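Asker: This is the structure I have questions about; it appears just below.
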């Protein structure tokens, strides 16, 4: 966790909430997908959040992952270099994030560099990788490797085309929100404040 000291009070509660969101089962799925997708020796970390963070921390695995989702010769990250220097590692992580955004991931679904590098929010890192995998499956361009069932299926556009006659008929239908004109009614009820007539 880099050079930060322990957090106390509200900061500690917030950090504990973030740490509870981390999914160990999802970690194993992501590791399996990354090693299958990269098709080269990227290693495999021991189970656990800290080991997962150390595996991805220098950005080389992430850059190899995003490059594997593009056709040969169109890789977005040109130079991937393992380095022990902090700013080089953070630069590679940010290159991955920029490439992921160009690939189609929403800006709101992308983690920040410090979330991974300092290990502050590994659940957010998992969400970004899940979205990337789901988007790769949805593209169906033949570059995805692995089991498509590992990721949630993205919805596809399914437009409905109605004729003018169908649209006109729809205007005549009484919607269920309006109630019904059949069944029980208030017919025969006395007005408000009148005594009940029991015979």
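The backbone N, Cα and C atoms fix where each Cβ goes, glycine too.
Per Swiss-Prot, the features are:
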CROSSLNK  171  SUMO2 cross-link
DOMAIN    24-136  domain 'Calponin-homology (CH)'
MOD_RES   2  N-acetylalanine
MOD_RES   11  phosphoserine
MOD_RES   17  N6-acetyllysine
MOD_RES   20  N6-acetyllysine
MOD_RES   163  phosphoserine
MOD_RES   180  phosphothreonine
MOD_RES   182  omega-N-methylarginine
MOD_RES   196  omega-N-methylarginine
REPEAT    174-199  repeat 'Calponin-like'
Asker: Looking at the modified residues 11, 17, 20, 163, which has the shortest Cα distance to residue 196 (omega-N-methylarginine)?
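Answerer: Going through 11, 17, 20, 163 one by one, the closest to residue 196 (omega-N-methylarginine) is 163.
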Asker: Nearest to residue 11 (phosphoserine) in three-dimensional space, by Cα, is which of the recorded positions 17, 20, 163, 171?
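Answerer: Checking each of 17, 20, 163, 171 against residue 11 (phosphoserine), the shortest Cα distance is to 17.
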Asker: Rounded to a whole number, how many Å is the Cα of residue 17 (N6-acetyllysine) away from the Cα of residue 171 (SUMO2 cross-link)?
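Answerer: Cα-Cα distance, residue 17 (N6-acetyllysine) to residue 171 (SUMO2 cross-link): 50 Å.
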Asker: How many of the residues that make up the domain 'Calponin-homology (CH)' (24-136) does DSSP mark as helix, as strand and as coil?
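Answerer: Split into helix, strand and coil, the domain 'Calponin-homology (CH)' (24-136) gives 74 helix, 0 strand, 39 coil.
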Asker: Among the recorded positions 17, 20, 171, which residue has the fewest other Cβ atoms within 10 Å of its own Cβ?
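Answerer: So among 17, 20, 171, the recorded positions given, the one with the fewest Cβ atoms within 10 Å is 171.
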Asker: What's the CA-CA gap between residue 20 (N6-acetyllysine) and residue 163 (phosphoserine) in angstrom, rounded?
Answerer: 51
Asker: Across the domain 'Calponin-homology (CH)' (24-136), what does the mean pLDDT come to, as a whole number?
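Answerer: Mean model confidence (pLDDT) across the domain 'Calponin-homology (CH)' (24-136) is 88.
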Asker: Can you tell me how far the Cα of residue 171 (SUMO2 cross-link) sits from the Cα of residue 163 (phosphoserine), in Å?
Answerer: 13
